[in-house]
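Taken verbatim from TrEMBL:
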- Lys22, Gly69, Arg98, Gln146, Arg320, Arg363, Lys387: phosphoenolpyruvate binding site (BINDING)
- Lys22, Ser23, Arg27, Ser144, Ser145, Gln146, Ser172, Asp289, Lys316: 3-phosphoshikimate binding site (BINDING)
- 55-396: domain 'Enolpyruvate transferase' (DOMAIN)
- Asp289: active site, proton acceptor (ACT_SITE)
Amino acid sequence: MNLQLHSETHDLSGKVKITGSKSESNRLLILQALQPLLTIDNISNSDDTVVLKDALKSQESIIDIHHAGTAMRFLTAYYAVQPGKTVHLTGSGRMRQRPISPLVDALRTLGAKIEYEENEGFPPLKIEGQKISKQEVQIDAHISSQYISALMLVGSSFPNGLKIHLNGKVTSLPYLKMTAQILKKVGVETIFEDTYIQVQSSRIEAKNIAVESDWSSASYFYSLAALSASAEIELSTYHKSSLQGDSSLVSIYKQLGVNTTFKDNSILLIKKETTTLNELRLDLNSSPDLAQTIVVTCFGLGIACHITGLHTLKIKETDRLLALENELTKLGATISVTNDSLSLAPSSQIHKNIAIKTYEDHRMAMAFAPLALKVPIVIKNAEVVSKSFPDFWRNLEDFKIYHKILP
Ligand SMILES: O=C(O)C1=C[C@@H](OP(=O)(O)O)[C@@H](O)[C@H](O)C1
Ligand SMILES: C=C(OP(=O)(O)O)C(=O)O
């Protein structure tokens, strides 16, 4: 489905209730599988969460998690420690190119039985669940934090807990802090040091946990606000003390002219004046999922940006650095990328009616959509948004950004 987007106003006002965080939801689903009396409110309606929920209920021996990175990594650890259960865990074509060997190596040293069914180091995997008696493991921490979160989630069910030694510079650190904080909410203590994480052995408590709405999904409304003439957008449900690192949006978009106020369980995004900033410089190692949104906002505002800390972007749903370079160049940008950084020069015009390829990446579709406030634009394969935000296109209509399905 290719969508032609156009906007009927430059002044935005409206309210959106955004679905629960997929990161929080997917951690809680694994913990719920270990403690069925745990209940979850405001769970995400994203494909990545639905696929994990279905997998955990399934009695089939082949489990296909499609594009969901967290589901792939969390289930690898979960199935590896379920004695007597054998599964074949697979995913989309892209998932079969996303590395998993740091997690498989770590689980194997703990006594897990995991085999690669096609290419060494990549899904699909055959996992024969084992009882784990070891309590210490090493892992390379700079490729994906999801491997470490996966170990943390299952570690609490080991007889002596689990000590995870972190080798190299830790990437996407707020996601590990989120895992530790969610474990704490259900009664599992962790000791978090620079070079290791100790998860104590505990019974997960039977509790009701409410998921905060997804901050990464909120980013597209921050971008809309920044690119509007004026905006007053209310998003729910959000809290000042979030578990999600992407709540860094508040300070990042302040520099881009969007002010945030917290009231009750909502945030109010206000844009009154255009930013006077000439260049945005950021290290996004802690918030990799915001990179595409922020770069496209800067392009739309005609300001330069230089972003570092982006090495994980190359192994996400697509090579996001390359995808950004290709599509922004089509719109008229001057952009250069390395393996872990991106530089965008200021530009004064945006080409109209360009068809943006989305590379099976939900964030490519959603990051480019706000440019409809500046020029008519086409988003190809727009259905990809359901990976994290199925209601996205409907929610845009509330801000008079309409779409026409192209033949
Ligand atoms: O743990 C999580 O929920 C996530 C961790 C991050 O991945 P990496 O640690 O691979 O950067 C992030 O990009 C992803 O969308 C969700
Ligand atoms: C990288 C992402 O997801 P995952 O790694 O879980 O597939 C994302 O949602 O941007």
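The backbone N, Cα and C atoms fix where each Cβ goes, glycine too.
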Determine the recorded positions, out of Lys22, Ser145, Asp289, Arg320, lying near ligand 1 in the sense that the CB is under 6 Å from one of its atoms, and give them in sequence order.
Ser145, Asp289
Going through the recorded positions Lys22, Arg27, Arg98, Ser145, Asp289, Arg320 in sequence order, which have a CB under 6 Å from an atom of ligand 2?
Asp289
What is the number of other Cβ atoms found within 10 Å of the Cβ of Arg363 (phosphoenolpyruvate binding site)?
32
Neighbour count, 10 Å Cβ-Cβ cut-off, for Lys22 (phosphoenolpyruvate binding site): what number do you get?
27
What number of additional C-beta atoms lies within 10 angstroms of the C-beta atom of Ser172 (3-phosphoshikimate binding site)?
24
Report the nearest neighbour of Arg27 (3-phosphoshikimate binding site) in space among the binding-site residues Arg98, Gln146, Arg363, comparing Cα positions.
Gln146
Pull out the binding-site residues from the set Lys22, Arg98, Gln146, Arg320, Arg363, Lys387 whose C-alpha sits within 10 Å of the C-alpha of Ser172 (3-phosphoshikimate binding site).
Gln146
Taking just the CA atoms, what is the gap between Ser145 (3-phosphoshikimate binding site) and Lys22 (phosphoenolpyruvate binding site) in Å?
15
Report, as a single number, how many Cβ atoms besides its own are within 10 Å of the Cβ of Asp289 (active site, proton acceptor).
24
